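Asks: Copied straight from TrEMBL:
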DOMAIN    43-341  domain 'Calpain catalytic'
ACT_SITE  Cys104  active site
ACT_SITE  His259  active site
ACT_SITE  Asn283  active site
DOMAIN    511-546  domain 'EF-hand'
Amino acid sequence: MEIDKNVLLKQNQATEGSPAFPLQFNNQDFVKLQNYCLHQGLLFEDDTFPANSYSIGLTRNLFAQEKLRKVQWLRPPALVRNPCLFVDGISRFDILQGQKIGDCWVLAALGALTQQQQFLKNVIPKDQGFDHTYAGIFHFQFWYFGNWVDVVIDDRLPFIEGSYLSVHPRSNNEFWPPLLEKAYAKLRGSYEKLHFGFISEAFMDLTGGVQLTFNLRSPTDPLFEIMKNAALSGCLMACSTQMKKPGSQVLENGIVQQHVYAVIDATEVPYMNRKEPLIKLWNPWGTVEWNGAWSDHSVEWDQVPQSFKDKLYVNRADGEFWISFEDLKDNFSSVSVCNNLPTFLDFGTLSRNHQYFIEVPEFMTKYNVVVALMQRPANTSRSLVDMGFQIKMGRTIVHDMQLEKTRDITTCHQLKPGDYIITPMRSPQNQELKFLLRIFLRSQGDIRKPNNEFSSETTMGMLVSDPDNYESVFLRYASQNSYLDATQLQRILNDVLLKDLMAGLGTGDGFSFDSCKSLLALMDINANGKLSLQEFKRLWRAFKKYEDIFGREDENNSGFLTVSSLRRIVQETGTYVSDKVLQLLVLRYGDSTQRINFPDFVCCMFRLETMAKAFLNLSKNTGSICFTENEWMTMIMYC
């Protein structure tokens, strides 16, 4: 079989197989089926995933035949009087894992998914519910071997002995969790295919992204920094446990064995004159939490500044808890991180070993190439084939791996500048295998087919977004017309940039809306009340500069700068200000004790440097400026 020539597919574009135009799974058209049922006055019944034991699964013998015969398939309107797809939005707390199927890997992925709207909108279409369009039919979208597919289901849900077969919602009239999981069970083949699985597969099926798994037993990377940056950049994360003590599913410290938890956050807090790295986890059970250090009732929280405690500490029996990074390493086996990126996609078959050429243009001190290889998901009659890949520079092998019987493999590499050959491999050699190869370069380079034809477009990315990656943050928060307003800028400053500085810096109440409007005006070259990507780039880089300066001057980690510190900083910028102007700056941006916190320091420096540069440009080194009244009013009233 020849390689598919359509090698350039870009996620999120309006092309076939994208989230906007998904392929029809089993050739079922949701709109046509829904309209037919509404016109005929029928409730949809899905004959491709029927309400019987075959859809539950018969190969693993999860349930005795006697119990399977007692399964009831019920629609939501038969269960409650006012069924809803969502109640007060979508949250991980809507999800409660049942006790009949080991689907924690799916539910942990869903819990992480609810944190990221940019992922969630691709999975759950909005054109459905229990309103006047209700016809017993729903649909959900998943990434399936390089394409987004639309999976149609009916809303008959399986019950055994009066309770849900699988996931059940916390609110009895909210049905998105069991309906979405039913669609995923259909994609995988049956409900029993959800009994024990890999979080990496669930992440990819829900996002189309690339995931990496880190071993917590022997972490060789700056793993906490990776997790912290991943949390800031909107990645999905999860942690897994292994069996440590047979005979008890829950350990004395509250950790569930052979289980998967969603990672909700990663941050640092001031504690005992140091910074304590913390991880927030969520148990899909919806109950049973870690009871050691930094748990809901631990004494460690009493030693944390009240401002941090107010933002982070919650004492609630909802399955969510904080744990120190050291305790995480002691009690968990691995961390999976997934990010959704535009990618270069290369389809083909391994009837023979194909070669793919990449050029790495420059040296980097961190990972600069990510390679992800995936074989087509096995159907019910086929098993996975051993596969892997090799990377060579000339005749020198720089990466060689043992073939693994796994659906996907992802590796990170720090490659020197030069040309490389990536060769996918499989065993046995005589077995044809459809595969998907994705290559990510951190900086602009070339990816070439074996015939030396250059791709007309190369899309680059990185799995765990670097905190300096201003573009990914801008695209995540910007409106559809690719501009930021003051509200969106405030979210970035407080939720992304300021959150990363929480440990060790007294942030006060963060950036106010008025402060953000002022910062926007200072950066707004076009005076349209919005920031473009290039304008935001200037703001981002200046912010990073001020962050470094503040951290250097705040030697005692108080979260404030003194007047003398501000004087020294201003002098270093090369801007001359008199004692009178310096005193005005302190009066304007300091507190009652003449101390300046970080958000106010940023606003002060932005205005000071912007105004100084404006004067220099307008005066043309004459030492004075001549304004008309209108020019003067325009300048001072907007900035």
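Any Cβ shown, glycine's included, is placed from N, Cα and C.
A description of the local structural setting of each listed feature is requested, covering burial, neighbours and distances.
Replies: DSSP assigns Cys104 (active site) to a helix.
Around His259 (active site), a 10 Å sphere centred on its CB holds 23 further CB atoms from the protein chains shown. DSSP classifies His259 (active site) as coil under the three-state reduction.
Annotation for Asn283 (active site): same-chain Cβ neighbours under 8 Å, separated by at least 6 residues, are Val256, His259, Tyr261, Glu289, Gly319, Glu320, Phe321.
Over the domain 'EF-hand' (511-546) the predicted model carries a mean pLDDT of 86.
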Asks: Check each residue in the chain of Cys104 (active site) that is at least six apart in sequence and keep those whose C-beta is under 8 Å from its C-beta; list them in sequence order.
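Replies: Residues satisfying the criterion: Gln97, His259, Val260, Pro284, Trp285.
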Asks: Tell me the residue counts in helix, strand and coil for the domain 'EF-hand' (511-546), as DSSP assigns them.
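Replies: Counting residues by DSSP class gives 25 helix, 1 strand, 10 coil.
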Asks: May I ask you to report the DSSP-based helix, strand or coil state of Asn283 (active site)?
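Replies: SS state of Asn283 (active site) = coil.
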